[in-house]
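Peer 1: Before anything else, here's the structure in question.
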Amino acid sequence: MKKTKTILDILKMKSDGEKITVLTCYDYATAGIMDGCGIDMILVGDSAGVVCAGYDNTLPVTMEEMIYHTKAVMRANPKALVVSDMPFLSYQIDLATARLNAGRLIKEAGAAAVKLEGGLNVVATIEAIVAMDVPVMGHIGLTPQSLHRMGGYRVQGRKDEQAEKLLADARAVEAAGAFAVVLEGIPMRLAERITRELTIPTIGIGAGPSCDGQVLVIHDILGLCEKYSPKFVKQYVDLKPIMAEAINSYIAEVKGGAFPTEGHSFH
C-alpha cells in the first residue's frame, strides 16, 4: 500500500534532485483524481475564495471556509502531503491567534501542514507554530494577501534592493523552521539563487524552472477560470466547452422528453 507523504519525503526529494509537484484543490472529488495521478502535495489554497466563491481576491476568505475545504479534501484520504493556507487575519493579529488557527487546520480540518505569507515579518509566527509541532510552509515574493501594499499583482524583486530583501526573507523563513517555501512572481534568476542557497525546497509559481517544485491553481490548468490568467499559467485542457456540451445535451434531452428513459426509472 502506498504510504502518505510527509515533510521528510518532500525534503528528501530536494536532496535527491526530484522535482516536487503541487496543485491546489478544494473538494473531495478532485482530490481523489489528483491523488490517483500521484501528485506529491495538495495545497488547499485560500485561492478557493477566487475560483470557488467568486471573490475578487483572497482577502475575504475565513478560517471556517478553509476548514470546510480542507475537510473535503481530506475525506478523499489522499496520499499526497496536504497543506492548508492560513487566510488573512488568521495569523497577523498576534502569536496566540496564529497558534490557535494553525492548530485548528491540523486538528479540525486534518491538514498535515499550514502555509502562511511573509518573510522577516512573520519569523516569530513561524517559530511559534513550529514550536507546536505544526509544519509550516512559507510564501514570499508576490504575496496575494498583500496586494494593496504592492499596488496589485506585480512581479517582485526586479530591483537589486528588492532582490536582496527577498533573499533575506527566504533565509529567515528557513531559519524560523519552515520545511519549504513558495516563491511567487519573482524573476527566474533570483528564484534560482534562492533555491541554490536554501536547504529547504522552493516551490515556484511564476518563478521559473529552477525551483525544486512547481504549484499551479487546478482551475487554471483545466481552463475553468473566467478571470484574468497570469503569464505563468499553462492551460493543459479547456474543460469549459466540454462541460457546456454536456449541460446543453442534458437541457435538450429534458426539454425534448428524451431523458429520463425507462432505463433511468424505477418500477
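Glycine residues also receive a Cβ, built from the backbone N, Cα and C atoms like all the rest.
Note that the structure is a prediction, hence the values are computed from the model and not measured.
What Swiss-Prot records for ASP46, ASP85, GLU117 is Mg(2+) binding site, and it gives sequence analysis as the kind of evidence. Annotation comment: Swiss-Prot describes ASP46, SER47, ASP85, LYS115 as 3-methyl-2-oxobutanoate binding site, evidence class sequence analysis. Among the features that Swiss-Prot reports, active site, proton acceptor is placed at GLU184.
Show me how these features fit into the structure around them.
Peer 2: Within its own chain, GLU117 (Mg(2+) binding site) has HIS139, ILE140, THR143, PRO144, GLN145, SER146 as residues 6 or more apart in sequence whose C-beta sits under 8 angstroms from its own.
Listed in sequence order, the residues of the same chain lying 6 or more apart from ASP85 (Mg(2+) binding site) and placing their CB within less than 8 Å of its CB are LEU43, VAL44, GLY45, ASP46, SER47, VAL61, MET66, VAL114, LYS115, LEU116.
Reduced to three states, the DSSP call for GLU184 (active site, proton acceptor) is strand. The local packing around GLU184 (active site, proton acceptor), expressed as other Cβ atoms within 10 Å of its Cβ over all shown chains, amounts to 23.
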Peer 1: Which three-state DSSP class does LYS115 (3-methyl-2-oxobutanoate binding site) fall into?
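Peer 2: In the DSSP reduction, LYS115 (3-methyl-2-oxobutanoate binding site) maps to strand.
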Peer 1: Using the residues the record lists for 3-methyl-2-oxobutanoate (ASP46, SER47, ASP85, LYS115), what whole-number Å value is the largest Cα to Cα distance?
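Peer 2: Across ASP46, SER47, ASP85, LYS115, the widest Cα separation comes out at 12 Å.
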Peer 1: Check ASP85 (Mg(2+) binding site) against DSSP and tell me helix, strand or coil, would you?
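Peer 2: Reduced to three states, the DSSP call for ASP85 (Mg(2+) binding site) is strand.
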Peer 1: Compute the mean position of the Cβ atoms of ASP46, SER47, ASP85, LYS115, which form the recorded 3-methyl-2-oxobutanoate site, and then list in sequence order the other residues of that chain whose Cβ is within 8 Å of it.
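Peer 2: Surrounding the site, in chain order, are THR24, LEU43, VAL44, GLY45, ALA48, THR58, VAL61, MET66, SER84, MET86, PRO87.
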